[in-house]
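What Swiss-Prot lists as NADP(+) binding site is ARG48, and the listing cites sequence analysis. Residues annotated as FMN binding site in Swiss-Prot: ARG126, PHE127, SER128, GLY286, LYS301, PRO302, THR303, PRO304, SER305, ARG328.
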Amino acid sequence: MGGDIFGRELRLISFGESHGPVVGAIVEGAPAGLPLSEEDVQRILDLRRPGQSELVSQRAERDRVEILSGVFNGFTTGAPISMIVRNEDIDSSYYEEISRFPRPGHADYVARLKYSGYNDFRGGGRFSGRLTVSMCMAGAVAMKILEKLGIEVMAYSLEIGGERAEGFTLDDARNYRYMNPVRAPNEESYLRMAAAIERARREGDSLGGIVEAIALNVPPGLGEPIFDTIEGDIAKAMFSIPAVKGVEFGSGFRAARMRGSEHNDPIRVIDGKIRYKKNDHGGAIGGITTGEPIILRVAFKPTPSIAKPQETVDLELLRNVEIKVKGRHDPCVVPRAVVVVESMLAFTIADHIMRSMRGAI
């Protein structure tokens with residue numbers, strides 16, 4: 001099973017399964033001398049941990065990180081940083097019962113085809129949102145690199161179930177997003193989004209939504225044309241997050257309905273520096289960062305595990321059946337995905353910084 005490594009100079013190796021003993025991350029290429037503790041990583045993990053409100057999964061995981069290597073006396077050594085989180089609240093009996101009935105919207109069927117039935121299917125195995133634990137652990141390391149360079153990465157729930165956040169500032173989002181369980185940028189949108197999630201939960205259904213992410217103070221010149229563009233690598237990082245169905249930068253798909261005279265961002269001298277007057281390009285042109293904020297939006301599908309009856313098949317008897325998915329699932333993955341988006345955005349930018357600086361920061 002491949003596809004477990006992300007990055008070039010800064011590399012994340014993800015391992016583990018949803019119902020296995022651990023979920024882990026190995027980060028290779030991090031420079032020596034970064035201050036890093038288990039508390040630093042734990043702070044990021046706690047932002048995605050389940051069971052923190054009725055609006056998310058009630059799986060009772062502590063998600064306590066253990067750093068096994070690569071850190072000594074509170075600083076990175078330059079060696080690979082290996083980290084694990086132990087899976088504690090596991091009940092696989094239901095997944096044994098339904099192994100012959102692939103769940104609609106999940107990777108059960110395609111995984112069975114690809115790996116001839118040898119894959120660990122419990123809780124979705126390698127395809128579970130549980131694997132975002134490894135992304136958050138790696139993101140904590142990347143954020144230390146960005147912090148040293150004054151780069152800030154933030155994300156928030158822009159839209160859930162058609163309820164879109166409005167009337168907020170960047171400071172509103174920065175200060176409020178982790179003060180509410182929905183990760184909304186202001187109180188008004190939080191109340192609407194929370195009510196929508198609760199309605200779907202009561203009805204045995206689920207919702208999708210959009211996470212907006214911004215990276216500030218990113219230097220110009222990161223990225224390469226054609227196959228190593230900054231947007232391409234960020235998009236790949238986002239699509240590695242389970243449930244992601246779309247990514248757009250700047251004006252995104254709205255650009256298809258604009259004229260060139262509207263979309264082109266004027267270049268001006270502002271306070272003695274060359275800047276763009278607006279940012280429809282979203283922080284990158286030609287695959288290379290411009291120095292303006294990187295702005296992207298990530299679309300998440302509704303959680304496929306729902307309590308309503310769904311049509312599927314019996315793989316052994318080859319007949320059509322109905323299934324009702326049980327378990328402790330998020331009625332909407334968006335709130336817990338916000339910090340995962342931040343983590344993977346931070347990791348991608350840090351990787352490109354390491355490329356441009358040949359590993360020295």
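Note: Cβ is positioned from N, Cα and C throughout, glycine not excepted.
Taking the C-alpha positions, the distance from SER128 (FMN binding site) to the residue listed as 'NADP(+) binding site' comes to 14 Å. Between the C-alpha atoms of SER305 (FMN binding site) and ARG48 (NADP(+) binding site), the distance comes to 19 Å. Between LYS301 (FMN binding site) and ARG48 (NADP(+) binding site), the C-alpha separation comes to 18 Å. Same-chain residues at least 6 positions away in sequence with a Cβ under 8 Å from that of THR303 (FMN binding site) are, in sequence order, SER206, LEU207, ALA243, HIS329, ASP330, PRO331, CYS332, VAL333. Look at SER128 (FMN binding site): DSSP puts it in coil. Taking the C-alpha positions, the distance from the residue listed as 'NADP(+) binding site' to ARG126 (FMN binding site) comes to 18 Å. For the binding-site residues listed here (ARG48, ARG126, LYS301), the lowest count of other CB atoms within 10 A around the CB belongs to LYS301.
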